[in-house]
Amino acid sequence: MGTSRGLGLLRHLTVQCGCLLPQFSHSLIMRPDDANVAGNVHGGTILKMIEEAGAIISTRHCNSQNGERCVAALARVERTDFLSPMCIGEVAHVSAEITYASKHSVEVQVHVTSENILTGTKKLTNKATLWYVPLSLKNVDKVLEVPPVVYSRQEQEEEGRKRYEAQKLERMETKWRNGDIVQPVLNPGKPNTVSYSQSSLIHLVGPSDCTLHGFVHGGVTMKLMDEVAGIVAARHCKTNIVTASVDAINFHDKIRKGCVITISGRMTFTSNKSMEIEVLVDADPVVDNSQKRYRAASAFFTYVSLSQEGKPLPVPQLVPETEDEKKRFEEGKGRYLQMKAKRQGQTEPQA
């Protein structure tokens, strides 16, 4: 499940065994093909690194006891903020820890730190929480039970159970959107409209995208989603853009080798300095006539516009035209205000 890098890759892998909660870490140097034209590492590249670390530690844990062998599949990524940019030549240190296990799922928390190896300066760039489920190697449609983890404090298990119930409820709430379809735009509208920047990417799933068991790595899907969201944001702003955050990514169904996937992105909301882009992933099993096209994943990405000096720029305001676009704009505004209030609450001094 590691990245397909050359022999020149700087990498360090560590697995800490014998501890209460399993941990894993690895490091790799950022290269020009990991970054945009401004030298900032793509958000999708970082998301892929995060998912690889989560997949390794959760698969190892789920196979830590005798029993039916399995592979851990990504089910959900909680909201992820990009706290600081990472640049070409810096080393990314990725550390993962299992923080909770339910009967059929594992919660993994991942931290990413960037290091300037010339100065030794280190910065926290990302924190993410991912949920995995163990799928049997004999039958990938069968979900197995997760070996228990040992908590150092009872509060850890109670807090983890609350997070598990919250994400389970949110996953159920997103299922109603699965029927929503992004229609192709034949005649793009005027600048600043939804149709002007709407973009799609079509990708044939090959062996290099997949696990040894024939379905796509979650990190590959997230990287493609970030690419499409970035194209939408760049078309709308016509400036350098970077990923600011990713709302919860829900993986609704597995994508198998040989499928043709369509990743569609559309602008849903703009504030003065940020853009929200909805990204939907649909899979078409072209080699299997018995199965119809289905929704595989969905998420909201937030981007910001930057000047050539890396300073935030005002974002051109989106002009929703149809009733559906206006409805999505108001929904996006609600998410934006909710997150803004949450951030302000976290920064206010405690009485």
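Cβ from N, Cα, C; glycine included.
In TrEMBL this protein carries:
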- 20-138: domain 'HotDog ACOT-type' (DOMAIN)
- N36: active site (ACT_SITE)
- 195-309: domain 'HotDog ACOT-type' (DOMAIN)
- D226: active site (ACT_SITE)
- 322-351: region 'Disordered' (REGION)
- 324-334: compositional bias 'Basic and acidic residues' (COMPBIAS)
Would you count the other CB atoms within 10 A of the CB of N36 (active site), including those on all shown protein chains?
16
Between D226 (active site) and N36 (active site): CA-CA distance (Å):
12
With every protein chain in view, what's the tally of Cβ atoms within 10 Å of the Cβ of D226 (active site), excluding that atom itself?
26
Sequence-remote partners of the region 'Disordered' (322-351) [C-beta within less than 8 Å, at least six residues beyond its ends]:
194, 247, 268-269, 271, 274, 276, 278, 300
Reported in the order helix, strand, coil, what are the DSSP residue counts of the region 'Disordered' (322-351)?
25 helix, 0 strand, 5 coil
Would you list the DSSP helix, strand and coil counts for the residues of the domain 'HotDog ACOT-type' (20-138)?
23 helix, 58 strand, 38 coil
